[in-house]
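K.L.:
Below you will find the structure I want to go over with you.
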Amino acid sequence: MAEKKEIIPKKHPMPAQEPVERIRNFNEVALGYDEETAVAEAKRCLQCKKEPCRQGCPVEVDIPAFIKLVAERDFAGAIKKIKEKNALPAVCGRVCPQENQCEKYCTLGKKHEPVGIGRLERFCADWELARGVLPQEVAPPTGFKVAVVGSGPAGLTCAADLAKLGHKVTVFEALHVAGGVLMYGIPEFRLPKRVVQAEIENLKKLGVEIVTNAVVGKFATVDELMEEEGFDAVFIGTGAGLPYFMNIPGENSCGVYSANEFLTRTNLMKAYLFPEWDTPIKVGRKVAVIGGGNVAMDAARTALRLGAEESWIVYRRSEKELPARHEEVEHAKEEGIKFAFLTNPVRILADENGWVKGMECLRYELGEPDESGRRRPVPIPGSEFVMDVDTVVVAIGQAPNPLVPRTTRGLELGRKGNIVADPQTGATSKPGVFAGGDVVTGAATVILAMGAGRIAARSIHDYLLHKRA
Amino acid sequence: MFKILEKQVFSPIIKQMVIEAPRVARKCQPGQFVILRIHEEGERIPLTIADFDREKGTITIVFQEVGKTTKQLGTLEAGDYIKDFVGPLGTPSHIENFGTVICVGGGVGIAPVFPIARALKEAGNHVISIIGARTRDLLFWEDRMREVSSELFVTTDDGSYVRKGFVTDVLKEIIDARGKDNINLVLAIGPQPMMRACCNVTKDYGIKTIVSLNALMVDGTGMCGCCRVTVGGQTRFVCVDGPEFDGHQVDFAELARRSATFRAEEQRALERHTCQCGCGGGK
């Protein structure tokens, strides 16, 4: 008879840098489990028959199997199991919204806290990275060439899967380093860039070639890649790289950044190391970040680390509707980020040199639910007031980057300029061209983009085999 | 890595380089630009393409040393490498047979005017070019501009070469002499105040004027919005919607303010650079 297990109701806490300390540095906030904690957390898993956690994973990781291996201290076996399905485990273990995915369905989670699946995934990936990554098996060459446009989560996943199937994959990246939003968008303190680059090095070991400084749509179009450079298929994963602005007066004042600019200067260009690194950034005393998503939290927390005295999240709905992950909101609060809910700017005020000196806002109240199901924010007439800020970061979302969609013949586009692709296959209206991630869905999560990359890789493989037949 | 094949020093602060960049050279068009980064810790700076050779796979850039990065670039020699070099970026110049076009190049802006003037001439235009600089030492490519122009006028602010006067003085004289109805388009590239001044001249005559804007940029692909500028009351991105715009619609005052955003930091980086590398920058 199996021994009856004593249930530990809560996840083992994630060791983290203390808030007072971390708001003055860019080091990673969450420090990761050690071996003993990981094993103890893995033993919380009930190894239940139904495995409901698996349905919550967009890339289909065999979660109970890898957790069992961790519990048995077979860490090498555990990471191997994860990597059968997930090309970027060190990334996913850090930035996936597990509470809405695998952990949401965990049987243990019905009465207690779910198993810390994300933390265990991160532990396994870090364990392997610290020891040097073993090469993975690659199928014999098929002779097919596939171009992957964009090296963010969707592109990297697609590239890894196709390379493992024996196809020759070339990834084209517009910026000077690969990684897309993992490099320019998500801050160092949430996702260290060495972790991203280590994962990309692993892809190169699969035979994936990465060409940086290559803007598809400019140096060559998708059509030219296929017709002149001999690619048999193309995957487009160019992301949501076009920032929305609010179109309010004063938005072009000095000291107003899009979240993309604010984060790109800081993360990709390492402006926090200026003047050792050449790219500057300027953050004033009081920063207002407009928006309530993960990007907004990242920007607000970044502003503090860049030396702001006060960093505000300004959001037009209430705390309940914040689209950011709960964990990110909690981290932000611990760090002293201030929240102005039910507030939205109507005008940015500038001084005589064109610099931000304040932001005129309106207070809102929640009305009837809108098409998204959330209660619609309604401005309260006469509630104008001026927020005393000198830096504004606009983090209200991004549209798909138009460079590739606009320069590719025969590609059906959606209303917002997104590429229309079959969610089951990633196929676009153009034969041999597949797409996935934010360029199809609009700004979403890393793991959904990875899931789309995986689905497209499978379809591209089928398409190529069919082409040969 | 991108190899510097040739370097020419036009003056202590204006230099020309030919860079091996076959992917850029294969597709670039007049009016487009590149972004380069010299080394790992470097910033990304945009430079308009001055010339290209598709067969040799090369791009020519001409730059004036103003900040740390351009000064550091100036210390590199033929045979050295630039870490990153991406392009062609931006929308190409609109080339057609307009009739008579005046191309104005001020200072280092002479370089990007060159391939556009050449394309306009090849398209059948009567191309009247005006090139000018502060002083004789800062003037370059007179011979090359003469080759691609139907007529060429040269001026220096201090009168050290050919004549004394601003390019705007010459521009006004030509328009007055030929009659405003006989000028179909003006193209002006150079420092922001010069482009603004040219637009002020042509606005009175109602002659459409194209300018090529040099806004601050980071990625150059429309991702960050750093380069946004107000044109005709609307926010546009210089990197993807431009760099060329109808100069009469551009809010130059806003552009100047935004361009100065990091002036203090730029100064700090420059001073630090001058102290350390011994290249004599900052003189």
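Even glycines carry a Cβ here, placed using N, Cα and C.
Pulled the feature table from TrEMBL, pasting it below:
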type    : residues                     : note
DOMAIN  : B:1-95                       : domain 'FAD-binding FR-type'
BINDING : B:Val62, B:Phe63, B:Gln64    : FAD binding site
BINDING : B:Cys224, B:Cys227, B:Cys239 : [2Fe-2S] cluster binding site
K.L.:
Chain A proximity: which binding-site residues among B:Val62, B:Gln64, B:Cys224, B:Cys227, B:Cys239 have CB distances under 8 Å? Answer 'none' if there are none.
P.N.:
B:Cys224
K.L.:
For the FAD site (B:Val62, B:Phe63, B:Gln64), what does the 8 A shell look like? I mean other same-chain residues with CB within 8 A of the CB centroid.
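P.N.:
The surrounding set, listed in chain order, is B:Ile14, B:Lys15, B:Gln16, B:Leu47, B:Ile61, B:Glu65, B:Thr70, B:Val108, B:Ala111.
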K.L.:
For the domain 'FAD-binding FR-type' (B:1-95), how many residues does DSSP put in helix, in strand and in coil?
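P.N.:
DSSP composition of the domain 'FAD-binding FR-type' (B:1-95): 14 helix, 44 strand, 37 coil.
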K.L.:
Return one of helix, strand or coil for B:Cys239 ([2Fe-2S] cluster binding site), based on DSSP.
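P.N.:
It is helical.
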K.L.:
By the count of other Cβ atoms within 10 Å, pick out the sparsest of the binding-site residues B:Val62, B:Cys224, B:Cys227, B:Cys239.
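P.N.:
Candidates: the binding-site residues B:Val62, B:Cys224, B:Cys227, B:Cys239. Fewest Cβ atoms within 10 Å: B:Val62.
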K.L.:
Taking the Cα atoms as reference points, how far is B:Val62 (FAD binding site) from B:Cys227 ([2Fe-2S] cluster binding site) in Å?
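P.N.:
With distance taken Cα to Cα, B:Cys227 ([2Fe-2S] cluster binding site) is 21 Å from B:Val62 (FAD binding site).
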K.L.:
Any idea what the Cα distance is from B:Cys239 ([2Fe-2S] cluster binding site) over to B:Gln64 (FAD binding site), rounded to a whole Å?
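P.N.:
Each residue's Cα considered, B:Cys239 ([2Fe-2S] cluster binding site) and B:Gln64 (FAD binding site) end up 20 Å apart.
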K.L.:
Output, ordered by sequence, the same-chain residues six or more apart from B:Gln64 (FAD binding site) with a CB under 8 Å from its CB, or 'none'.
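P.N.:
The list for B:Gln64 (FAD binding site) reads B:Ile13, B:Ile14, B:Thr70, B:Gly107, B:Val108, given in order along the sequence.
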K.L.:
Counting across all protein chains present, how many other Cβ atoms fall within 10 Å of the Cβ of B:Phe63 (FAD binding site)?
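P.N.:
A 10 Å sphere around the Cβ of B:Phe63 (FAD binding site) contains 22 other Cβ atoms.
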